[in-house]
Amino acid sequence: QYNRVWIPDPEEVWKSAEIAKDYRVGDKILRLLLEDGTELDYSVNPESLPPLRNPDILVGENDLTALSYLHEPAVLHNLRIRFAESKLIYTYSGIILVAMNPYKQLPIYGDAIIHAYSGQNMGDMDPHIFAVAEEAYKQMARNNRNQSIIVSGESGAGKTVSARYAMRYFATVSKSGSNTHVEDKVLASNPITEAVGNAKTTRNDNSSRFGKYTEISFDERNQIIGANMRTYLLEKSRVVFQGVLKNLIIQEWEAILSLKV
């Protein structure tokens, strides 16, 4: 019988413990044995029993949906093992890609890696931003339908960098030309948007406090021909005043954000 659980911890957030005495319905105390050998009487009730820990064989899975128990401590532990021990920053959760920011450059974004993921089905290779980009590109080319990639995360999570890698993938696999550098041209619009949408946070001195929808256009040969920013969502709390500044920024957007490759 599997008898390991997760209990809250003020320092480690969640701590693993082994059930030292069988639990019976109605018991108010659960006798636990911590990993350091300490015994603990943990107060419980039938409605809030501690979450069970996954078997060791499942630890480090590249898809979180493969875990027997999918809850907060299981997700955090799996991501921690992959990141700290296996040096892997990407993990799937179904069709969602979870990325851990290593805050350093990694040699996993070169042209050789791009070509390795090109033509592959999502799930055939290790989780990667290129796998997500390949799936979107393949579906667009095969079904002739628009595709969207949502990049979301907290301050300093690496959203802009992830978007850059996705655009670089599209530029490479679509053979749009080595001198195109579409990601550089699209991201060149950032100074304008950041002029009214950035703020300093504890994790990022220049945190983007806005969301935007960037549309990349392809021709009938599935090659990139341009890009436009269609939607810009700014937090109301970041708007200090309107008027001349607003009109000036709108004029700048119209002049700069229509990017022709």
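Note that Cβ sites are derived from N, Cα and C of the backbone, with glycine treated the same way.
Just so you know, TrEMBL annotations are computer predictions that nobody has curated.
Marked as domain 'Myosin N-terminal SH3-like' by TrEMBL: 1-54. Here TrEMBL flags 59-261 as domain 'Myosin motor'. According to TrEMBL, the ATP binding site annotation covers Gly153, Glu154, Ser155, Gly156, Ala157, Gly158, Lys159, Thr160.
Those residues of the chain, other than Gly153, Glu154, Ser155, Gly156, Ala157, Gly158, Lys159, Thr160, with a C-beta within 8 angstroms of the mean position of the ATP site C-beta atoms are Asn101, Asn204. Note on Lys159 (ATP binding site): other Cβ atoms within 10 Å of its Cβ, all shown chains, come to 17. If you take the C-beta of Ser155 (ATP binding site) and look for same-chain residues 6 or more apart in sequence within under 8 angstroms, you find Thr201, Arg203, Asn204, Ser207, Ser208. A 10 Å cutoff on Cβ-Cβ distances gives Thr160 (ATP binding site) a total of 11 other Cβ atoms nearby, all chains included.
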